[in-house]
Each structure stands twice: as structure tokens, then as C-alpha cells.
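*Asks:* Got a structure for you, questions after.
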Amino acid sequence: MASAARLTMMWEEVTCPICLDPFVEPVSIECGHSFCQECISQVGKGGGSVCPVCRQRFLLKNLRPNRQLANMVNNLKEISQEAREGTQGERCAVHGERLHLFCEKDGKALCWVCAQSRKHRDHAMVPLEEAAQEYQEKLQVALGELRRKQELAEKLEVEIAIKRADWKKTVETQKSRIHAEFVQQKNFLVEEEQRQLQELEKDEREQLRILGEKEAKLAQQSQALQELISELDRRCHSSALELLQEVIIVLERSESWNLKDLDITSPELRSVCHVPGLKKMLRTCAVHITLDPDTANPWLILSEDRRQVRLGDTQQSIPGNEERFDSYPMVLGAQHFHSGKHYWEVDVTGKEAWDLGVCRDSVRRKGHFLLSSKSGFWTIWLWNKQKYEAGTYPQTPLHLQVPPCQVGIFLDYEAGMVSFYNITDHGSLIYSFSECAFTGPLRPFFSPGFNDGGKNTAPLTLCPLNIGSQGSTDY
């Protein structure tokens, strides 16, 4: 122990007061204290130039190498060299002594010299074997927890793999169902198309047969009339005796002859274009439309939510801006459509007149003008409670078997198409504008019509729809 104590004292004598490790290139300053050259140089560079031990000032240029201390460090290292050889892993790399203590603060294995040094002497120490036992137990606990987490991770990996496989299977099954459903729907639509075409052809044949019969009867009457005309003409150019022969009977025949009423009014189609499931498909393109008060004619009254419009009894005192219609009871939707597919529905219940459709944002708003596709309006309308027309040039009469209470409007910008559907009649097609040359933004168009002495006071109301995933928000 005495030898160990002396070695400890010797190591302390060759320990730098700054880094607390054995001297490396030791130097002495004016006051006589020694330090590692690098350590004291860093102190001097910091502007202090004060001895860390006695606080006396010193100059870096006066540093003196301390060869005696350097030799002592080398001698101590040589003494420990033999002990280090062959047992390097269990020996202190600095002092060459056996590592048999554990510093709990620094978490390091120490030799007895390190433990007595100023760097560690105030730290709690335990025997290396005791520390190893304690940390062995802690490591076992940590290892058990990590293995439990590893098992959980492996279990999750298996579950993810199963879920991935199940999901792929589910998607493939759904793909097959979708494909089969659409194949079935396509086949059904083909069959329904053929059925409706056959009904239309049947209507065509029936009406042509009726018209043919009327034409034959008319031909018979025309022939009888021509024969009577010829007889009267012949009598007018014959002798007096021939003219007077049975003249009374002939005159009675001519006076009693009348063209029989054949009722040749235009036939109406009994079949309509009705595509099963069309409403559902159109509503996937549904958009939320609101009315733009800045475009509303001063006589129009908009609801608070801007989803309903009616003609008021008095003209409102509102600014006459450039966007506002001033001559007709018209209003535009607030939305601007530059592309995409868009669909909305309007309730026209109880109305005797209305106009619906789309128009260019740049259409004329002031004075009198014609609603037609030539002037940038793609609309249909009802007037006088029974006359439906499309705003072509000239107008196209529309024949509806079922008066609509709700009208669907579908805009396909890229296809240049605006279509109108009778929602009341299972979504049957009313009319389509096709191959339209759209330029610039389009806007929904509405007119509740004039009141017509109180007969057309019901409002136009935008119907609530579930906004579809394909409906564009490019407003």
C-alpha cells in the first residue's frame, strides 16, 4: 500500500492542474507552476495571462520547458508498461494499473490512481464487479424490454403484410365488381337504347301509317272534287240544252260537297330520351350555385342565402352598375366556369314563365337584346305556361310530355355542350346545345319571367345537391 501511495503521489505531481491528466510537453511559468504547454497557451490566448493556481500574471513568451517533469511522466509510463502488456483490456490506459473501481458519476472504469486523482476523488466509487452485477441486471431488464418491442415490431410487420395482402385482394375484388357492374350496366344501356329506338321506330311507323291513310282519303276527296270541277267546267262550255240537263242536281252536289276533316295536326312523340341512372351520374358533377346580386335586375328579390329569386312588386333603389341587367328580370350565378363539367338543378314549380341556362360573362346587360346562342346565351324557356323553346336562332320548339317541376342543367365546357333535363320525368333529355364555341368564362343564367298579372309570382329556387367529387371548384 505504501508503494501504491507513493505512486499515487508521483502521478499527482505529474498531473496538469488544468486538464487533470498527466503532463504533455510540460512547461513552467514565472511563478514556478507547471502545466501542459497546450493548456497554458489556451489560457494565455484567452487574454487572462494569470496563473490558474496562484493567480499571478505571466507572459507566454517566458514559458520554459520542464524536462524534469517530462522525464517523470515517461518513467511512470515505463514502470506500468510491463503490467499493461497482455492485459491491455483490464488496465488503465494512462497509469497501467488494473481497473477495479467504477465511477458512478462519470460511468467509467478506473484504476486506483485515477480514483485518487483530483478529477475523481470526490466521486462515488463502487467495486468493478459490483457495478458490473448491477448494470448486468439493468442491461437484462433493458434487453428484455427491447426484445419485447422487437417481438411487437415483428408481430406488426406480420400484421401489415397480412393487411397489405388483404387490401390488395379487396381492391382486386372491388375492381372485378366495378368492371362486372359496368359491363352489366353497358349491356343494359345497349338493350335500353335498342328498346327506346324500337319504340321510336314503332311510333314512326304508326304515325306514318296514319298519315298515309289520311293522305289516301285526301287523294280520294281530291279526285272526287276534280271530277265535279271537270263536270261543271264542261257544262259551262256546252250548249244550253246540255248545260240545263240535270243542272239542279249538279248544283246541289257542288253546294253540298265539303272537304272532310282529316285532323292533320303534327303528331307528338310518345317516347322520350330517358337514360337509366343518368341523374345519378350527372349529380357526381354537382356544384353549389349562388346568385350574384350585382347582376340582378332592380325588380328582382334574392333570398338571404342567394339561392332563390322572384320578381318583386316595386323597383329597388340600388346602384345601376355595369354588371346589372336593367331591362329584363335576369340575374347571373356568382360562379365563373373556365373548364370542366358542372351540374345544377332549379325548381320551377308553379311558374308559368322562366328562362334557364348559361351565358358568356361578357353578354350584354343593358337595353333590349335577344336570348340566343348567337348572342352568347345557351338557354331554354317556358312562356304562357305551355310553350317551351330553346334559344337557337331561330327558336326551336320543344315538346314535353311531362311539364318539368325541376330542371337540370349540365355544362361540359371542353365538349362545348349545354344540356337540359326534365328531372320530373325521370331525368329525360329536354334539349342539348352541342358543338358550342365557348370562349372565356361562362356563368349560370336565370330569369323568373314577368309576373303576368300575378299568375307567375312563384320563385326560381336552386335545388340542394350533394356536391360530387368531379364537380370543379374553378369559379
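Using N, Cα and C of the backbone, Cβ positions are placed for all residues, glycine too.
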*Asks:* According to Swiss-Prot, which stretch among 92-123, 124-155, 412-443 corresponds to the feature zinc finger?
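*Replies:* Here Swiss-Prot associates zinc finger with the stretch 92-123.
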*Asks:* With Swiss-Prot open, pick whichever of Ser266, Ser447 is annotated phosphoserine.
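*Replies:* The residue tagged phosphoserine by Swiss-Prot is Ser266.
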*Asks:* Scan 16-55, 296-335 against Swiss-Prot and say which stretch is down as zinc finger.
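*Replies:* Of 16-55, 296-335, Swiss-Prot gives zinc finger for 16-55.
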*Asks:* Hey, for the Zn(2+) site built from Cys92, His95, Cys114, His120, who else sits with CB inside 8 A of the CB center?
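*Replies:* What remains near the Cβ centre is Val94, Glu97, Leu110, Cys111, Trp112, Val113, Ala115, Ser117.
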*Asks:* Out of these binding-site residues, Cys92, Cys114, which one has the fewest other C-beta atoms within 10 Å of its own C-beta?
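*Replies:* Output over binding-site residues Cys92, Cys114: least Cβ neighbours within 10 Å is Cys92.
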*Asks:* Sequence gap of 6 or more, C-beta under 8 Å: which same-chain residues meet both conditions with respect to His120 (Zn(2+) binding site)?
*Replies:* Cys103, Asp106, Leu110, Cys114
*Asks:* When DSSP states are folded down to helix, strand and coil, where does Cys92 (Zn(2+) binding site) land?
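*Replies:* Cys92 (Zn(2+) binding site) sits in coil per DSSP, no helix or strand.
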*Asks:* Which residue counts does DSSP yield for the zinc finger (16-55) in the helix, strand and coil classes, in that order?
*Replies:* 9 helix, 8 strand, 23 coil
